[in-house]
Amino acid sequence: MADRLVRATAAGGGIRLVAVSTTETLREAQARHGLSLLTAVMLGRAMSAGLMLASSMKVRHGRVNLRLGSDGPIKGLMVDAGRDGTVRGYVGEPALELDPISDEKGNYGFNFKAAAGTGYLHVMRDDGKGEPFNSTVELVGGAIGEDVASYLLHSEQTPSGVFVGEKINRDGILCSGGLLVQILPKAAEEPALVELIEQRCREIEGFSERLAACNNNLEDLLIDVFPDLDPQPLTDTEATQDVRFKCRCTRERSIGALLLLGRKELSEMLEADGQAELTCHFCNNRYVVEREELIGIIEGLPAAV
């Protein structure tokens with residue numbers, strides 16, 4: 001079943017809602033990068049969050065980058081998400097595994113804080129017009145949802161609830177997705193509504209179970225979570241859209257990256273390896289430039305480069 005994103009409003013238009021499923025997207029990322037369940041879950045949460053942030057951009061080609069920079073053993077992660085529903089990403093230490101931890105109810109889960117360590121969440125919004133908007137906030141706990149909510153509050157001054165989750169078993173990813181709840185500016189002036197939304201967000205428990213139960217029907221998920229706020233999917237043509245893993249790397253771009261190395265370094269590479277090999281961080285695609293082609297590239301460069 002294809003992943004999708006749904007935009008909606010609630011409380012008479014005072015609340016903005018975005019729900020996204022990223023199950024197939026995450027499965028592809030896991031297969032491409034050889035991710036452990038821990039790193040797959042963390043990357044999946046970041047991809048869901050990135051897509052939900054990108055969904056509010058005005059231009060179709062707008063993109064959002066989320067980068068977790070920290071001192072933890074995961075060695076950071078990076079997500080590039082587009083308003084068009086495409087997303088890609090990678091993890092610094094894809095095979096990382098840590099012992100699970102238990103909560104007060106005896107349920108076991110991943111130790112996101114230990115994986116992430118201390119550090120920062122860097123967010124970049126790029127609409128293709130002028131300089132991208134960049135902002136950085138300290139990590140709250142490394143589970144992604146709270147970290148992105150902190151960014152929205154402190155950098156965009158938008159009170160938000162960000163819920164990301166997944167269901168897994170020993171065989172892999174059963175479902176993955178997220179939910180974004182934002183109080184729009186006019187509604188933020190109504191204390192009773194703000195208090196109601198904050199209460200509803202505090203009451204959301206078992207988001208991952210609710211996500212799995214909706215079986216990719218995100219409209220049902222919105223009604224399940226906010227039954228008394230009358231969530232209404234937008235009626236325009238982009239109220240819903242497909243979501244997929246897609247990388248923008250190409251062989252031509254890889255050749256362009258080789259040119260930046262210069263004649264001397266490429267000549268040393270030719271002598272040592274007989275070819276050049278580049279691997280895309282985002283999708284793990286491998287591009288090989290064979291000996292004859294590499295010689296042609298070197299001969300086309302000025303000697304001083």
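Placement of Cβ uses the backbone N, Cα and C atoms for every residue, glycine included.
Only one of Cys214, Cys283 is recorded by Swiss-Prot as the disulfide partner of Cys280: Cys283.
Among Cys214, Cys247, the cysteine that Swiss-Prot records as disulfide-bonded to Cys249 is Cys247. Taking all protein chains in view, 19 other C-beta atoms sit within 10 angstroms of the C-beta of Cys283 (disulfide bond).
Within 10 Å of the C-beta of Cys247 (disulfide bond) we count 18 further C-beta atoms, all protein chains included.
In this structure, the CA atom of Cys249 (disulfide bond) is 8 Å away from the CA atom of Cys283 (disulfide bond).
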